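Let me begin by presenting the structure, written as structure tokens, before commenting on it.
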Amino acid sequence: MSALQMQIPFQISRLQDEYCICGKEMILRWNRLSRLQRSLVYALFLITATVLVLFYSSKLNAANVNKNSDSNIVVEPLKNVSLVNEPVENVVQPKKTVVESEVNERPVFTGPSNARQYAVVESFKHAWKAYKEHAWGHDNLKPLSGMAFDWFSLGLSIVDGLDTAYIMGLTEEFEEGRQWVKNELVFTKNKDVNFFEVTIRVLGGLLTNYHFTQDEMFLNKAKDLGDRLMAAFSSPSGIPYSDVNLGTKTAHAPEWSHYSTTAEVTTVQLEFRELSRASNDPVYEDAAAAVSEKIHQLPKKHGLVPIFINPNTGHFLPHATITLGARGDSYYEYLLKQWIQTGKTINYLLDDYMTAIEGVREFLAKRSSPNKHLFIGELSAGSESFNPKMDHLTCFLPGTLALGHANDLPDWHMTMAEELLYTCYLTYAVHPTFLAPEITHFNLASATNDMYTKTADAHNLLRPEFVESLWYMYQITGNTTYQDWGWQIFQSLEKYAKVPNGYTSLANVKSEKPLQRDMMESFFLSETLKYLYLLFSDDRFVIDLNKYVINSEAHPLPIHKN
């Protein structure tokens, strides 16, 4: 045995003796403590143990949450987080939850249920049949001459009107339209198109039909079109150019101006966001949402915007017209609808909408003389003086105000909606045709007539905005008076606009025998007849506004939770 081996037992014995001595000393010291001192030691021990247990548990929970979330969350690039009124102390990439139930939910339509709805269905069939016979595959029908008219060469009437056929239960018409979209609709032509119009009519229509049917063909077409439309965002500022060549995937300002229209660049966000949600590709939503964020940062007149914006600089044209009619209208509409589409989570959209409607009340809302009818005028270019004229397009506003009120916005919004809707009704009722002109002028100091129509403004394009607002008001309030108003207008369309080959726009609603203009726009199929059909339904919630947001061309898109 070595010396080292002999020393080990001795060292162990020595250590044991030392530990025994230390232990006895500790016991003696503990016994000398008072009862209060011992209680304090016990408390300190318990607190330390509790803290350690809680810390260990929180680490385990965090690990489990991260593990479960990784498979359900798609990370998107950071987009102006500070604009969404969210905390930015720890700057991280926002996360988008993909909810399968939102994607898979499909509506069920059972067809017409009463005589008024059947009448609208017959009108749609009459228009569709004439279009099929004389203009199939072209954008629009010229119903008097029996000729076709092409604007973008994208079969607008088919793509735009297809979801109306689906909602009405017209399976034969829907299927023949679907086959045309599948086999004939292409986006490779070397031709300029309007970015906004193609987005709301074609992209919006494809996405709605995909949502209704879950047919991947519609989504694939939508992605192809969306990829080509993305060229519009290539401007230095990110504000879209107005014109896009789908074949070459290039974009530019219109030939007549360096400016884009404010309403057009801010009325594509519902569609591009839905394309991202349906395709799980955030690139479309990011580009379109950045435009809204850019507009949010620009100075405005109490939330009201000029109607032109420069895509190169990203700034408004100074002192341009401010209106809720042409070139301005749907900017305000899409502020509210984007907020609703995203589950009411993007606060700056709501803030901008609320500020704008207050601006409308302060600067644009006036009362006519002598009967004090509420109307929405304009601020003229240059001087910004008040102009007491209201486009028929402005009659979208009652429906938008009612939609806001249904989502807990102030009561005065609904009061304004009701009064303005009645004024819009009067723009029909004062004419012998019971149809409204394109523009109505109002008197501010008259003892006789509240409103009048200039001959140059007296045409009627079969526009949908008033019946759109009637449908919103009917669904939200249940007041059947709005159905009766809509029926009066439908009967006038049947009397004055219906011709053997479809329906035609009119030259002068002030005449008891108005001249006809030989054009049936695609929005007559997509919007006017769709809103009338929904308005006359016994079930107010065929398209439930708690589940769907309706784009500017009457294509329903699902509401998301974020």
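Cβ coordinates come from backbone N, Cα and C, glycine included.
The following features are taken from TrEMBL:
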- Glu197: active site, proton donor (ACT_SITE)
- Asp329: active site (ACT_SITE)
- Cys395-Cys424: disulfide bond (DISULFID)
- Glu438: active site, proton donor (ACT_SITE)
- Glu465: active site (ACT_SITE)
- Ser552: Ca(2+) binding site (BINDING)
Request  = Fill in the CA-CA distance, Glu438 (active site, proton donor) to Cys424 (disulfide bond), as an integer in Å.
outcome  = 12
Task = Quick one: pull the CA-CA distance for the residue listed as 'Ca(2+) binding site' versus Cys395 (disulfide bond), whole Å only.
result = 13
Ask   = Near the Cβ of Cys424 (disulfide bond), how many other Cβ atoms are there if near means within 10 Å?
value = 28
Key: Cα distance (Å, whole number) from Asp329 (active site) to Glu197 (active site, proton donor)   = 14
Key: C-alpha spacing of Asp329 (active site) relative to Cys424 (disulfide bond), in angstrom   = 15
Remark   = Students should find that the Cβ of the residue listed as 'Ca(2+) binding site' has, within 10 Å, a number of other Cβ atoms equal to 25
Query = Fewest neighbouring Cβ atoms within 10 Å: which of the active-site residues Glu197, Asp329, Glu465?
reply = Glu197
Task = Pick the one among the recorded positions Cys395, Glu438 whose Cβ has the fewest other Cβ atoms within 10 Å in this structure.
result = Glu438
Query = Could you tell me the C-alpha distance between Glu465 (active site) and Asp329 (active site) in angstrom, no decimals?
reply = 11
